[in-house]
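Novice: Residues or ranges marked as domain 'Major facilitator superfamily (MFS) profile' by TrEMBL: 30-512. Per TrEMBL, the feature region 'Disordered' maps to 559-591. If you look up TrEMBL, you'll see 26-43, 80-100, 112-133, 139-158, 170-194, 206-223, 321-344, 356-375, 387-408, 420-447, 468-485, 491-508 marked as transmembrane segment.
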Amino acid sequence: MIQNYLYPKQSREVKTSFVGLRGQRLHHYVATVAGMGFLLFGYDQGVMGGLLTLPTFIKQFPKMDTSSYLPPKVKSFNTTVQGTAVGIYEIGCMMGALFTMWGGDKVGRRYIIFYGSIIMTIGAILQCASYSLGQFITGRVISGIGNGFITATVPMLQSECAKPEKRGKLVMLEGALITAGIALSYWIDFGFYWVRTNDADWRFPVAFQIVFCLFLMFTVLTLPESPRWLVKKLRFDEAAGVFAALEDVDIDDPYVVSQMTYVKESIMLEQLAQMGVEGTAARQKILHGEFQMGAELPFLQQMKLMFTFGKKKNFHRTMLAYWNQVMQQITGINLITYYAAFIYETSVGMNATDSRILAACNGTEYFLASWIAFYTIERFGRRKLMIFGAVGQAATMAILTGCVYAASPPEDGGLSNSGAGIAAAVFLFVFNTFFAIGWLGMTWLYPAEISSLEIRAPANGLSTSGNWVFNFMVVMITPVAFDTIKWKTYIIFACINAAMVPVVYFFYPETAGRSLEEIDQIFADSNPRTPWDVVWIANRLPRHTVADDYIEDRVFEDKPVGEHVSGEESEGGDTAGQEGVESTRVVTQSA
């Protein structure tokens with residue numbers, strides 16, 4: 001009976017293992033391969049910082065020379081060109097992320113990552129073979145498009161395959177791999193700094209990213225597809241096979257049945273909501289077989305759905321995801337990531353060798369600090385880590401303001417204090433530590449968790465595009481700001497980080513330990529006129545495991561599929577007086 005319920009039209013053998021792996025080993029394999037996309041992302045972010053002051057690089061692209069001996073007008077123009085050439089990569093990333101709003105649901109998570117790795121390979125080849133600034137910029141845009149594909153999709157695949165209690169750790173692993181890529185790029189830049197005699201000192205570091213692209217290209221299609229995406233596409237047999245493989249159970253296992261049931265019910269409730277049927281009425285239609293799950297909404301309707309409230313408050317959730325990504329960028333992290341060696345050399349006053357060594361050490365410490373979040377994300381939750389990070393970042397930027405001011409030469413309004421320069425170097429490490437704990441992996445985890453399945457691909461694409469737009473803004477204005485307002489640049493970021501603390505506290509609900517469908521329930525019980533009440537609801541809604549509910553109600557009591565089961569109702573309502581949290585579970589008939 002269970003078999004027929006899940007796969008009424010099954011006509012081929014269901015795949016229940018991938019490259020011979022199941023269960024925990026399969027989860028680790030997914031995390032490793034998918035995480036390679038973020039190692040590639042980190043490498044591409046960090047590699048440019050050590051190349052900008054290389055004599056061979058400047059000789060090849062003289063319009064990116066920002067040396068202090070240049071006439072003021074020439075230096076100002078070159079500073080703008082440098083910011084554009086470095087930051088244009090983010091515009092490509094934004095374009096790629098926006099494309100996934102349509103393509104992410106069209107071809108699936110794996111194929112978007114596969115196509116992204118191909119595009120990044122093409123872009124890397126163009127960059128490392130460049131003999132003109134135009135070709136170099138074109139290569140960076142193309143690489144960016146591929147990276148936009150990857151970074152908008154990997155967190156979705158990871159979140160949709162992971163268990164609730166492991167989801168945070170697995171996505172934090174991606175954050176750690178970003179920093180691993182950054183650290184690796186810094187050390188490769190430093191190693192090739194000693195070549196000096198030819199332009200291999202900048203061409204090889206740029207070309208090295210192709211290794212990661214090829215690895216991703218040849219392995220990503222061996223991963224399981226997102227089971228939730230497969231259900232959305234009405235490919236129930238394949239989805240059940242993936243759930244069975246990830247849990248290392250038989251395909252008839254009650255756990256698999258419960259997951260299929262809950263995901264299908266969630267999608268059907270969303271589809272009924274688009275027809276104006278919500279709440280108990282919607283559940284009754286599903287219960288009595290009056291509604292069967294249909295195909296996904298057309299792309300334009302999904303876009304419209306993102307900007308409407310309805311039962312699942314999709315607009316509210318889209319905005320939370322979007323601004324979560326934006327806040328990561330306006331912390332000022334890429335001021336350090338892209339320009340670490342440049343800052344040590346020009347702002348702190350170190351020589352070229354020492355600045356590159358320190359930048360590489362900074363990247364290594366950044367990588368080590370990222371593991372703190374890996375081990376604390378499920379223990380302390382998302383909100384506490386974000387608030388902790390923002391407080392530390394604000395304090396660090398304020399201290400950096402004073403240190404860089406004191407270390408700056410008199411002509412820049414500073415005091416030329418060498419001790420202050422050392423302190424500034426130390427606090428750049430401290431800033432990276434706070435960021436690694438609170439915000440590095442968080443903005444790749446939280447938007448994928450907070451969006452409903454019906455709009456997850458377009459919402460994640462939109463939020464990721466926000467990350468890249470503001471990334472571009474920061475990377476573009478940083479050299480200009482250092483050239484004009486100098487040490488005062490850090491004041492701006494200190495204020496922004498301080499403002500992020502109340503935003504997270506009042507508006508961002510805790511998602512740790514929740515299934516993606518439970519998060520739907522939190523927003524379903526909220527009032528759109530009081531967007532802060534989701535925090536209150538999330539703190540009070542009891543945690544439960546859908547699989548446990550199903551096993552208890554259906555298997556141990558041996559109740560037939562399709563029968564209505566009423567669970568205990570939650571006692572709490574919300575502050576706006578809406579109805580208490582429904583815990584009624586409906587087991588749907590096959591679609």
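Even glycines carry a Cβ here, placed using N, Cα and C.
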Novice: Take the transmembrane segment (80-100) and find every residue of the same chain, 6 or more past its ends, with a Cβ under 8 Å from one of its Cβ atoms.
Specialist: 44, 48, 52, 61, 63-64, 66, 112, 116, 119, 123, 133, 136-137, 140-153, 338, 457, 460-462, 464-465, 467-469, 471-473, 475-480
Novice: Is it true that the transmembrane segment (356-375) and the transmembrane segment (170-194) have 3 or more CB pairs under 8 Å, sequence gap of 6 or more?
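Specialist: With 3 or more qualifying Cβ pairs, these stretches touch.
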Novice: Answer with yes or no whether the transmembrane segment (112-133) touches the transmembrane segment (206-223) by the criterion of at least three Cβ pairs under 8 A, sequence separation 6 or more.
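Specialist: Per Cβ check, the transmembrane segment (206-223) touches the transmembrane segment (112-133).
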Novice: Can you tell me which recorded stretch out of 26-43, 387-408, 420-447 has the most Cβ pairs within less than 8 Å of the transmembrane segment (112-133)?
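Specialist: Stretch with maximum Cβ contacts: 26-43.
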Novice: On average, what pLDDT score does this prediction assign to the domain 'Major facilitator superfamily (MFS) profile' (30-512)?
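Specialist: Value for the domain 'Major facilitator superfamily (MFS) profile' (30-512), mean pLDDT as a whole number: 86.
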